[in-house]
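K.L.:
Quick paste of what TrEMBL says about this protein:
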- 1-134: region 'Disordered' (REGION)
- 32-43: compositional bias 'Low complexity' (COMPBIAS)
- 73-84: compositional bias 'Acidic residues' (COMPBIAS)
- 90-105: compositional bias 'Basic residues' (COMPBIAS)
- 121-131: compositional bias 'Polar residues' (COMPBIAS)
């Protein structure tokens, strides 16, 4: 099969000189191709080695001298960018050093005892701030006195007027103003006669008449109707009468409970001793907090033992 292919390629019979010539020519062509590839590869390496191969007049340019040849505007822009970056770093560093933790702000209006006080003064349901956590229902207007009342209060004041008085009283939402309302609704009456027992020095106390103002007219009512309309008991009335007696018929300007200024205080020497003990404990900054954190932690595993030894 090889000889037939060879004959087709040469178109001559075997044994002639032409066959040898063809083979010699093929060898020469192979050798010439090899030389050309080697020379081309060598030339490519030489061409890639430096730009001076293509341009014999090429001269390298110094980078520093090239930067000097930049326009002045570009140089000023680059310098301004560097300055702004430095300024930002300085500002960031100063912010990190001055940054402190956010302290909580006291909000007395959100305290549980103050919420309970406002609810109690407004007549709504509330839960006491004591440990018992007792729940009190909202204030409601109670039934009036019966028809057997000597003053006939139910015939003088209608239910709509009672509801209005009830709403006006609890809408004050202030204990002092509610006491002023009670004081303005009571009038002291001296008894016309009194029975004196033998061997006693006790005199009969003064009576009090109760009034509601309807359409700028004062209408006298009984004590039961007065309490039922306002939804209160005897205690606020008794408190107002005691304060009126103590202050010559005038209410005290403001409730002074908790405002005596004699609260228990801790001595400053004790506070300074506690601070000195805390500062004597060896501490280290935490590696897990942020850079601006001021928290410190006790060093070592047996930190409780260290605190006891320092004491």
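Each residue, glycine too, has its Cβ placed from N, Cα and C.
Map the listed features onto the structure and describe their local environment.
P.N.:
For the compositional bias 'Polar residues' (121-131), the residues of the chain that approach it from at least six positions outside its boundaries are 112-113, 115, 137-139, 170-175, 178, 231, judged by C-beta separation under 8 angstroms.
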K.L.:
Summarise the compositional bias 'Polar residues' (121-131) by DSSP state, stating how many residues are helix, strand and coil.
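P.N.:
Per-class counts: 2 helix, 2 strand, 7 coil.
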